[in-house]
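Asks: Pulled these features from Swiss-Prot for this protein:
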- 1-33: transit peptide (TRANSIT)
- LYS133, HIS164, LYS168, LYS469, CYS471: heme b binding site (BINDING)
- ASN321, THR389: (13S)-hydroperoxy-(9Z,11E)-octadecadienoate binding site (BINDING)
- ASN321, THR389: (13S)-hydroperoxy-(9Z,11E,15Z)-octadecatrienoate binding site (BINDING)
Amino acid sequence: MASISTPFPISLHPKTVRSKPLKFRVLTRPIKASGSETPDLTVATRTGSKDLPIRNIPGNYGLPIVGPIKDRWDYFYDQGAEEFFKSRIRKYNSTVYRVNMPPGAFIAENPQVVALLDGKSFPVLFDVDKVEKKDLFTGTYMPSTELTGGYRILSYLDPSEPKHEKLKNLLFFLLKSSRNRIFPEFQATYSELFDSLEKELSLKGKADFGGSSDGTAFNFLARAFYGTNPADTKLKADAPGLITKWVLFNLHPLLSIGLPRVIEEPLIHTFSLPPALVKSDYQRLYEFFLESAGEILVEADKLGISREEATHNLLFATCFNTWGGMKILFPNMVKRIGRAGHQVHNRLAEEIRSVIKSNGGELTMGAIEKMELTKSVVYECLRFEPPVTAQYGRAKKDLVIESHDAAFKVKAGEMLYGYQPLATRDPKIFDRADEFVPERFVGEEGEKLLRHVLWSNGPETETPTVGNKQCAGKDFVVLVARLFVIEIFRRYDSFDIEVGTSPLGSSVNFSSLRKASF
């Protein structure tokens, strides 16, 4: 398939890591098993050269209905996601095992998966030669297409499907066409955000980052991608509320919203919520994108995509993928950097301000590339707490999948699942894997670890193409995350936070913001 180069003029990745030019998104090539006893199988992943013993996949699915419900209760209520997986790793002495994934009965037809919970087995989920991605974006169930205008959106398409290439190229065009607006619009919108947070902090003694940030993120995306200020349209400031409600209707089987189990289980985990309840909200969003995306819709015409289908895909990519990702990522970044302490804050502030000063007071892509600690901190945030925790793929053929300690036979048609935080905090790959280490990716040795940063549905050292499922906006997300850190430490020497929980990401309040003193 054809590929397209990154829409950004300067690579976001160290040159020492990649020898080939940027394309976009990850592909791992199939390696044939050399053992004569398994000539019909493909080795899904292989690191090192030692022969690993073939082991039966441990675990079980329990009784129909009862087993999936028990696993769902463990996942949401009795253990929580991380302990759910870790306890079974201890039980089976294996990072590969069989388990049921939510939502199970009665929303998902088949909740049974083979879980891949280490950094060696996990990457098979990116290899579209080995796994199919059709209708697996949300896992073992797919929300009704009534929530997306009757269309299967790009995120649910396998690269083998004809529309995948056209729709992904449309997103590449969107990114390319917006590149000159990203820097000025980010600085304008996030300067307004921090001005308002300072006022709130002075009045109340603390400032809620999440609520204010949601509106800022949408304003930035609308202005950067489409050249439209939502305040000047019928949408006004309503987008975050409309999107949050719509996302809830898409993802409610996978969320816990803090209600008692006896209420939450029948309400959001047992049956799908009726799409009709958000139809009018979605229509308001659709009309905004239809009216704002003129240049992009002209490109859709050229690609042979109807304007209606293109608009639904632009809405999903902007609101679900990008805004939703920023809603999770930015509060998590504030949390992790806040907890790193004032010494780290001072180092970031010194690096950012000195680089900008030496660049004549101007922030450019070239200047950002010189901010080694800033870049490392962003990658560490993405490693430690990836905004997307789950990846799914259905085996296209019989496979042998290797963990660090054993190899496992998987049959064609079996569902594979990976919980990304365990893969990117694999202690056999990362030293101090469960610690946030700001300088982890600084220097040549640090750069070599970037291939194990997997948040984008592929290694950080790879790039998206129309032939894979790596996030089309991977480089965009890394860029805006860097801009976010830069904006904070251009303005402040340090800050303090209070952290709570949220169904999507973290709830963060600023308890202090110390303005720049040098």
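Residue numbers in this text run from 1 along the chain shown.
Heads up, the Cβ atoms here are built off N, Cα and C, so glycines get one too.
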Asks: In terms of Cα spacing, which of the binding-site residues LYS133, LYS168, LYS469, CYS471 are within 10 angstroms of ASN321 ((13S)-hydroperoxy-(9Z,11E)-octadecadienoate binding site)?
Replies: CYS471
Asks: Measuring Cα to Cα across LYS133, HIS164, LYS168, LYS469, CYS471, which the record gives as the heme b binders, how far apart are the two most distant ones in Å?
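Replies: The two farthest binding residues have Cα atoms 15 Å apart.
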Asks: Hey, what's the Cβ neighbour count for LYS469 (heme b binding site) at 10 Å?
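Replies: Within a 10 Å radius of the Cβ of LYS469 (heme b binding site) lie 30 other Cβ atoms.
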Asks: Among all the protein chains here, how many other CB atoms are within 10 A of the CB of CYS471 (heme b binding site)?
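Replies: Taking every protein chain into account, the count is 24.
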Asks: Please determine which of the binding-site residues listed here (LYS133, HIS164, LYS168) has the lowest count of neighbouring CB atoms within 10 Å.
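Replies: Each of the binding-site residues LYS133, HIS164, LYS168 was scored by Cβ atoms within 10 Å; lowest is HIS164.
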Asks: Quick one: what's DSSP say for HIS164 (heme b binding site), helix, strand or coil?
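Replies: In three-state terms, HIS164 (heme b binding site) counts as helix.
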Asks: State the count of C-beta atoms found within 10 angstroms of the C-beta of ASN321 ((13S)-hydroperoxy-(9Z,11E)-octadecadienoate binding site), not counting that atom itself.
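Replies: 20, counting other Cβ atoms within 10 Å of ASN321 ((13S)-hydroperoxy-(9Z,11E)-octadecadienoate binding site).
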Asks: Based on DSSP, name the secondary structure state of LYS469 (heme b binding site): helix, strand or coil.
Replies: coil
Asks: Ten-angstrom check, please: count other Cβ atoms within 10 Å of the Cβ of THR389 ((13S)-hydroperoxy-(9Z,11E)-octadecadienoate binding site), all chains counted.
Replies: 18
Asks: Give me the Cα-Cα distance between CYS471 (heme b binding site) and THR389 ((13S)-hydroperoxy-(9Z,11E)-octadecadienoate binding site), rounded to a whole Å.
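Replies: Their Cα atoms are separated by 14 Å.
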Asks: Sorry to bug you, but what's the C-alpha spacing from THR389 ((13S)-hydroperoxy-(9Z,11E)-octadecadienoate binding site) to LYS168 (heme b binding site), rounded to the closest Å?
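Replies: Cα of LYS168 (heme b binding site) to Cα of THR389 ((13S)-hydroperoxy-(9Z,11E)-octadecadienoate binding site) measures 22 Å after rounding.
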